[in-house]
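S.K.: Following this message is one structure expressed as structure tokens.
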């Protein structure tokens, strides 16, 4: 009796977990689509990150089945470009997103279809704003990461700092982690410190005199974080990279 | 593993199988990988060797790490991403900025990290002696003056980044020979006093006995920092990070608190600025994801190309309907369509050619020529454009000939011949005009001697301009005589003065105003003398009265 009971209780959770994983994969795919479009639109990292956050926040409230996630993604890009004051022309956004989505079809030529998409995007934008309660800004880790890199770089040995691509890798990791929901779950400073820690760890570089100092370097940058938390965030980032394998 | 066996046999990597990352060993920087392996331990090293099929790497002192779950995951990650992480790339240099006042608000300049970390002084001092190089700019306080130079206690570094050395008690020497002279009367050393704060450049560092020599001469500055000021500075000129570190001693704020407080942190463009300083290319953003690494997208998928492609498609569609209208005789509609096409794509060659043809039909030849000229600029080989351009030029030439502007008609025919040297009509017409002009030239020379009023249009440009200049001079000559006055004798001056006092000039309304410009002038004086000298006596007197009025 108890066996069947446990079997019954296990089943739904497993189903839920796989369903959840599938959803994660779908979101990963859409954010990948957004990142591709962002590169073709020559967007910089900050508006790109804002767009990803808008997307994730929307789908943490709404269900995936009710909306076309690609449309939401495209609208998030346009919205983010307005928020971060790096304006993109809507025609460009639609052209690029259409092309990225339908790689086999020729690029958009019909004026009517363009007008339809424009209309769709306008209503979608209002919908997203309402869902997010008109609160579309969030403090981003990019500023913090750059300042940490500058401060740390002044202290490190110049030859090591120039030769090892710690800065590029940290920046790459920061961009990549927006494929997952890590960005929503932690403070900006914590993410920045974790990414920098991760980058240094990958290359096996140690901060000079860190073990003899009173405060370790990551504690200096963000005094309310523990090494445990940093490792947690790093594991979540590695989870995001694992998702790519399953694509 | 199949892959590793193949590699250990020494063959070059074949194209990677689906799913496994490319494992070409020579694309990877071995030293970087070595450093990482040394840090993480022998297990990572073994895994890398296995993955890459490399021969035994130099086994240095690998730190043995506890194999926690985290460590295992870490190692798997490194191995999986090794080809991207350790990719050989050019050394990227952080821009060597000079911590000047301008930089203060571009981003949040904070006191040096070691201050917050509170590193022990002795190791830090050792490190400093190893890191400081000649060419670094330092700020220090003069502690003692001697005959051969003065000693400076170093306070901070200003180039290349913040560095706190105030507590380290490092003294450097600045010899007299490295002081710029401040005048012939004093020795250079007498210009400086104890407790002056100076900014100097490091000349030599001797690692053996930890002696630093600084200099105040600008020729010791490195090229990138060639315009930095060396010499006495006030406390206002102290670098920002140093001043902030002074404040830190009293306020004991944390890094984060200080960051939020500083103005430069809220500067919206500090991301772009720091990105540039730290040499992180945001234009080709780096990524560790397989799909985004190395920007694999073709250029025509980018926003600008898609837009251009779309615009030209729309423009061509409009041109099509425009041509239809034109053939049906609806010229107004055709023109509208063409205008629409050109708003979509202003550089569309087809649209320009068709619009040019429409203009030519309406007989607005100049506008037609402009359009054809632009079309040919964009596409010099466009056959229709060339044909229409020639036709229009011919028509224009004929038009000009009718108006009498043979000069310009000739240039029109010549342009047509440039585009199409074989055009018979153009060469005929050109010959006609040329002979006509030559005939007229000989006629005009005869005309000149008979002093006709009207200017024959066949005169060469140089001659007609000379005429115009003379005309101008005649008009000017009446009003600007002062400079070309003949010399007066002393008696004449006296007489004139007397005349002035005896008969003061009448009120302006009494005197009849001389009408200067209505005088009949001799236009083409036969003798060729300057017009001024041919004026009659009466006219000269009139000018003198004019002189007095303004004198």
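Quick reminder: no glycine exception, Cβ is built from N, Cα and C everywhere.
Pulled the feature table from TrEMBL, pasting it below:
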COMPBIAS  B:1-14  compositional bias 'Polar residues'
DOMAIN    B:135-217  domain 'S1 motif'
REGION    B:1-21  region 'Disordered'
REGION    B:444-463  region 'Disordered'
REGION    B:474-524  region 'Disordered'
REPEAT    B:315-348  repeat 'TPR'
REPEAT    B:349-382  repeat 'TPR'
REPEAT    B:390-423  repeat 'TPR'
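Each of the listed features needs to be described in terms of its position in the shown structure.
M.R.: Helix, strand and coil counts under DSSP for the domain 'S1 motif' (B:135-217) come to 10 helix, 41 strand, 32 coil.
For the repeat 'TPR' (B:315-348), residue counts in helix, strand and coil come to 27 helix, 0 strand, 7 coil, using DSSP.
Over the repeat 'TPR' (B:349-382) the predicted model carries a mean pLDDT of 90.
Sequence-distant neighbours of the repeat 'TPR' (B:390-423) (same chain, 6+ residues past either end, Cβ-Cβ under 8 Å): 356, 360, 365-366, 368-369, 372, 376, 429-430, 433-434, 436-437, 440, 457.
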S.K.: Mind checking which residues of the chain, 6+ beyond the ends of the repeat 'TPR' (B:349-382), have their Cβ under 8 Å from one of its Cβ atoms?
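M.R.: Same-chain contacts beyond the ends: 315-316, 318-319, 322-323, 326, 331, 334-335, 338-339, 341-342, 388-389, 391-393, 395-396, 399, 419.
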S.K.: With DSSP, how much of the repeat 'TPR' (B:349-382) is helix, how much strand and how much coil, in residues?
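M.R.: Within the repeat 'TPR' (B:349-382) the tally stands at 28 helix, 0 strand, 6 coil.
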